[in-house]
């Protein structure tokens, strides 16, 4: 069946001259599908000659040869629009209306200040706001710039597709970026065509060109009528070898890709929910700021405000200069605007971005590449995982361990007793009905290529049956091929012997399905026997016995075709699939992956149901599921836990909905069965994660809440349909993704609790102080500093907590569960109330209690407020647990940010008096600030002893502000 021939190392001449063709000619022929011009050039094989390509061996792959081809025809890379630079994000940050208003206020304040007090003293107020705004903008821009760079790296990794190429007679995997004109590429179902080219040879090749044309119909590609293949299209059926004719920017896909760049501004569902929450809270902040503005303006113009010397700021329009009036009003406006800046929790979406960016980076090192950000969030809510068996739960390292000829198990030396005529038929069945290949090297010995199943069968046939693949393929001609189909679970080939024109139909596939197509079988003596019901039962027992030992069972069968006259390639005849003769049964061992059972138990501990969906028969499926911990020993006899795909498919809708939760294993399933199960589970309210590696898994991967494709065995179609790619095809990595998903959700909740505590406290303090005293204790610069602590440093500190097993002990988060839980409301309201009481006490009684000036008292308020946030960051680390220091030594970034925040706060208070409008504090005052702020720890410990209901409180708030989340 395979067009890929066995080869021996041979020297070949190095060439550096390409006759008759150039990049323009080749590109034009393929893009225009110009058959006439192609014919003039000698067809695909004629062009191969012009390109110095051996049609069987490919190019030699020497460095000089590759260099010459890239020089002449270009490399297989695409030029893309330039990535956004740092100043782009600076400019984006300037678009914030509140920032613009603050800058206007700062500019006016700077101008009037210099005019009134001179350049030496007059710049402090306006200049301080400028510096604070610059810091806020810079930190925001740096964060977004780094996120953009991370997405660029992800895009490069995602685009780096591996493809099988024939070079110097060897099939090898190369990056599509290393493909050159003249390369011969081996295509199979699910592959993405890496460049524009021409069909050389193959069978039943169909291609999805919807990425180019928008048409969903699959296009048949063959040697005569349509030999053109285009970069970016997907192989949906069959297999073939193609000759690369154009690469990179010379392809149609290259022209399209040059105008497309990856969107790094994808907004996830959680970010969307938080943006709505931010908007709602912002409206509250805007209302408070407006009230503060009105109150302060009224008090200013009625002469109820004084300057730092105790003099009235406004004595009437005749006595107060215009400059003084404008300066006073600007200060009031700046204070009101800054309240809006602090009130709007724009750090919430930033926290999501930081959390996702950090998690994506760590997940990459844990063998999971995130393609869609939303999957990180959704994975934390997963309630069911539908996983494949082969390569995910198992190693996908197939080895043939059993062979039955008739009812006899053939082992070791017994292979020499296989009759010659049966052996010849087995050689044909293995060597022609395969997509694998064998390469014989004098240096490396025998190498096998293809899928793990193909490699296992080929190595068994070559090493145990002494099959000479090159001889088999040389002595026979392939008439027609029916490629392996995951629904029918079989592949067939119609072949003709070159010496006597005998035509045979050979089939290979799932043992019980091939057995059902047979009417006879060969025994060890070479006799053909009738397959009656009793004999069929014996073979069923053999198959079940191998399956119970966790072996994958493959059968080989053939039939001689007599109607030679109408069997021609042009008519593409149907390969007869009844009345076959069974040639043998093969058992392939694929061991379970180390650590899979532990990973399955971890998922089950987390309240996530693991279901195995496999194409293997029910006995193999039960054995593997039991070995992996999906089934327990006493459960494998429960029919409700294990079903076959056809059985599940034939249930009524009501029966499926009733039984789907209980099912743990679905055997002999088709991709449609997998899709059907996902749809049923979603209707039952589950959040479903699905693994898949084949092209036909694409519908289920798209339908699932989280689609997880396999990085090694997965086809490009499966990968493009998925949200996350498991790079090592290991179920244990899937459990890691689940942990990170929950960690993302939990970290965001921590930050929400932390930030809303600051919002509530800051708004209340400034509003009460403005209404009662006519001034706000926290200046614009101080509030901007608090905003910086909250939005960026706080997000960095809390968004980078690593996942713990504690998270896996909780049930999955429901779809409708509010983001702000009762536990969070309890914690944030208690902490906010504590801060409000302490700070308002300082506001109204601080001067008399400590015997200090108003400016020192305001510094005490500012210092205590900031330190309260520092200590509260520790409380926010644990939403429910009382020990907030548990595991803190593992988060060096958190400790570093806390340290940096404290150092900067000391600098603000002690060394930047003019800038921050503060006074130096003595040791006792610092001790008071630290002691009072540290009081949030025992407050947090006590409040966590108060039980709360899981049923959401503040139902109105939840409905108005959180139902959208």
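Placement of Cβ uses the backbone N, Cα and C atoms for every residue, glycine included.
Those TrEMBL annotations? Automatic predictions, nothing curated.
Between the listed ranges 218-238, 239-259, 260-280, 281-301, TrEMBL ties the annotation transmembrane segment to 281-301. As stated in TrEMBL, the feature transmembrane segment covers range 97-114 out of the listed 97-114, 151-168, 169-186, 187-204. The transmembrane segment annotation in TrEMBL falls on one of the ranges 874-892, 893-911, namely 893-911. With helix defined as DSSP H, G or I and strand as E or B, the domain 'Cation-transporting P-type ATPase N-terminal' (43-114) counts 46 helix, 3 strand, 23 coil. The transmembrane segment (893-911) shares the most Cβ pairs under 8 Å with 780-800, out of the stretches 126-145, 281-301, 756-774, 780-800, 923-943. By the Cβ criterion (distance under 8 Å, sequence gap of 6 or more), the transmembrane segment (126-145) is counted as touching the transmembrane segment (780-800), at least 3 such pairs being found. Mean pLDDT of the predicted structure over the domain 'Cation-transporting P-type ATPase N-terminal' (43-114): 81.
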